[in-house]
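Worksheet for the structure shown next.
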Amino acid sequence: MTLSRFKPGDVLIVAILAVLLGWHWSLWPELASGSSARVLDALGRLAGVLGLGLMLLAGIGSVRLPGLDRWFGGLPRLWTLHRLMGFGGFILILLHVWSMAFSGVAQSLAVALATLFPPISDWAIWSGWLALVLTVLFLAPTFQFFGRLHYQRWKRLHLLSAPALAFALVHTLSLSRWWPLWLVLGLLAFAAIGWRKLLSPHLGRSDWTVAEVQTLVPGVVELVLDPVDRPLRYEAGQFVYLTPWDERLAAGCGEEHPYTLSSAPDDPQLRLGIKDLGDATHALQTLTPGSRVQIEGPYGDFYERHRPGTGQLWLGGGIGITPFVSGARALRADGREDIQLFYLALDSSRAYYLDELKSHAERCPAFRVEAHYFRQEGPMTLAFLKQHCPDFAQREVYLCGPPGMVNHLKPLLLSAGVPHSALHSEVFDFL
Amino acid sequence: MNQIAYTLFIAFVSSVLTLAGVVWLSPGQAMAETTPNTVSLQELASHDSADSCWKAIDGRVYDITDYINFHPTDPEVVTEWCGKVATDAWYDKGNGRAHSARATAMLAEYYVGVLEGAQVSGPLEAVEPEPASKPALPSTGEYKDGSYYAESEPSSRGWISMVEISVMNGRIIAVYYDEIQRDEEGNVTTRKSADMNYAQRWRGVSGGVTQLTAFPAYARQLVNTGVPEGVDALSGATGAYDGFQAVVRDALSQATP
């Protein structure tokens with residue numbers, strides 16, 4: 001989980017946290033007071049401020065508004081931020097409770113314990129406890145305290161974050177003199193969760209009809225969708241959440257999952273390449289033509305340019321070829337962008353889309369395609385890259401494929417002198 | 001990240017539980033400490049019986065109801081001062097001598113609050129014993145000659161502490177202490193000093209000392225020093241120490257001249 005490069009949205013996050021900490025300026029001198037009890041007390045309060053701030057921002061960041069994610073470098077990166085903020089918030093809130101209690105030890109152990117467990121009438125403290133207990137409940141499966149949890153069940157349990165935030169706000173608003181900012185952040189967080197869970201299933205999705213289910217190879221299909229009303233505006237390489245409503249499906253009816261679009265943005269039909277990788281994707285292989293699906297999106301910023309003017313190197317493998325199919329389909333015949341695609345497949349029988357990609361290469365002179373078969377060549381080598389694309393290390397690189405492939409290629413490319421900033425890959429294995 | 005979160009969460013829970021455990025295991029640290037109570041003279045006066053006995057000593061109020069039965073003297077000696085300022089009685093037990101440092105420490109457990117208008121700084125500082133109140137050890141000629149016997153009420157496990165003290169020429173010359181159990185008819189069924197199995201189990205817990213040496217050690221110290229205050233507790237046998245102190249005081253109260 002890395003967050004390469006700073007994005008405009010990051011500035012916003014840092015600014016809000018800085019305002020929160022600055023707003024509590026009166027606590028800062030306490031940290032240098034020299035009295036351990038006062039230092040712990042101030043530390044505890046600041047940890048609570050920062051912890052709740054991060055939790056609220058994580059909540060706001062879960063809004064999944066199409067377009068907004070690009071401020072943060074695409075939805076996968078925003079999700080990484082969400083996870084980091086949730087993690088940081090959780091740790092800080094533990095520190096908050098711990099510091100508040102132990103700052104009382106200087107007075108006496110009983111005072112310390114009474115800080116944690118006051119009389120039941122002290123509802124402000126107890127609502128804080130309730131928030132913490134709920135937080136542990138909804139984060140335990142996220143951090144896999146007790147092993148892995150079923151994805152859909154995890155998603156439902158994660159909804160406990162809403163009451164947890166509510167109790168945390170009750171706790172904070174009743175104890176803090178700086179309530180207006182908390183109120184604003186709290187309202188934004190609840191608006192985000194409300195949009196995500198209550199409104200977006202109705203307002204954020206568009207209806208589509210399954211026109212065709214084309215089998216590319218066994219276990220891989222391309223869904224072709226016709227719009228019911230409005231078409232989708234998107235860019236090549238973006239992905240959407242698809243919710244099928246075909247009751248004949250063996251699994252996943254009514255469940256949303258992310259899939260990369262393989263169609264070109266000017267195609268009136270929407271196309272999605274889907275590989276059989278789990279229950280839901282397995283069921284989609286036999287989706288009934290004519291049935292209804294819903295689409296929410298688009299998300300991501302796959303073809304973001306960090307070094308405009310340089311050539312592009314596309315490396316796709318397995319179902320990770322889909323954003324490149326979308327990219328190739330979107331290419332104009334007179335396009336000047338110099339693009340080299342390497343299609344990494346097990347062998348020629350698994351190189352679906354390859355024929356079509358080659359036809360695009362014939363259509364567009366600036367676009368070249370080269371297949372690399374693992375069964376024949378073994379893992380990709382620098383020699384292979386150099387042979388077919390001598391200036392590969394000077395290009396902006398776009399990677400998409402199974403983890404094994406990405407984990408092999410990234411170090412390989414970095415060793416060849418490709419800078420970090422020239423590497424792009426979006427992974428959404430847990431969205 | 002998952003491991004860090006898990007580790008810190010466990011550390012958090014552990015430290016909170018440790019804090020709770022330490023407070024729970026420190027009996028002197030009463031929760032009342034957090035709220036320094038002020039007790040008015042009126043309220044003090046309302047607790048004036050053996051059913052609810054509060055006393056003010058040195059500006060602090062104590063609820064000693066639960067202790068009345070453990071006091072070495074007859075209950076009336078204690079209950080006479082219920083609901084009153086009893087500082088004088090604390091520093092002069094009637095024989096010109098103050099209560100012991102140990103008694104002072106015990107008093108802390110019964111702390112209720114500060115007497116209204118009293119100039120007391122902290123809510124729970126144990127009352128400092130007067131330097132003169134240190135028992136003169138050994139004291140001679142304090143007791144009437146004779147043999148004195150006392151035993152306690154049965155504990156929750158049925159153990160009764162018993163002591164026999166012989167006094168000759170005003171000095172304690174022999175002490176027998178034991179813990180016994182009786183059947184319903186009052187016949188003694190077990191005595192700890194002869195129970196080797198009990199000693200074996202005790203040894204496993206206390207790390208060495210058992211009743212086999214603890215009981216004679218307490219008895220010997222009493223003979224040597226002549227006063228219960230002169231008997232020090234053996235670590236690993238503090239329960240027996242408390243039982244010993246209570247019955248010895250009970251027995252010696254009959255021997256006071």
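Any Cβ shown, glycine's included, is placed from N, Cα and C.
Summarising the annotation, TrEMBL assigns transmembrane segment to A:44-63 (among others).
Same-chain residues lying 6 or more positions outside the transmembrane segment (A:84-117) and placing a CB less than 8 Å from one of its CB atoms are 1, 3, 13, 35-41, 43-45, 47-48, 50-55, 57-58, 61, 125, 128, 132, 135, 139, 142-143. Residues annotated as transmembrane segment in TrEMBL: A:84-117 (among others).
As annotated by TrEMBL, transmembrane segment applies to A:123-145 (among others). For the transmembrane segment (A:123-145), same-chain residues at least 6 beyond its ends with a Cβ under 8 Å from one of its own Cβ atoms are 55, 83, 86-87, 90, 93, 97, 115-116, 153-154, 157-161, 163-168, 170-171, 174-175.
Sequence-distant neighbours of the transmembrane segment (A:179-195) (same chain, 6+ residues past either end, Cβ-Cβ under 8 Å): 16, 19-20, 23, 52-53, 56-57, 59-63, 65, 161-162, 165-166, 169, 172-173, 204. Positions annotated as transmembrane segment by TrEMBL: A:179-195 (among others).
Here TrEMBL flags A:203-305 as domain 'FAD-binding FR-type'.
For the transmembrane segment (A:44-63), the list of distant contacts is 13, 16-17, 20-21, 24, 27-28, 31, 72, 78, 81-82, 85-86, 88-93, 95-100, 103, 135, 161-162, 164-165, 168-169, 172, 182, 185-186, 188-193, 195-196: same-chain residues at least six beyond its ends, Cβ to Cβ under 8 Å. In terms of DSSP helix, strand and coil, the domain 'FAD-binding FR-type' (A:203-305) has 8 helix, 45 strand, 50 coil.
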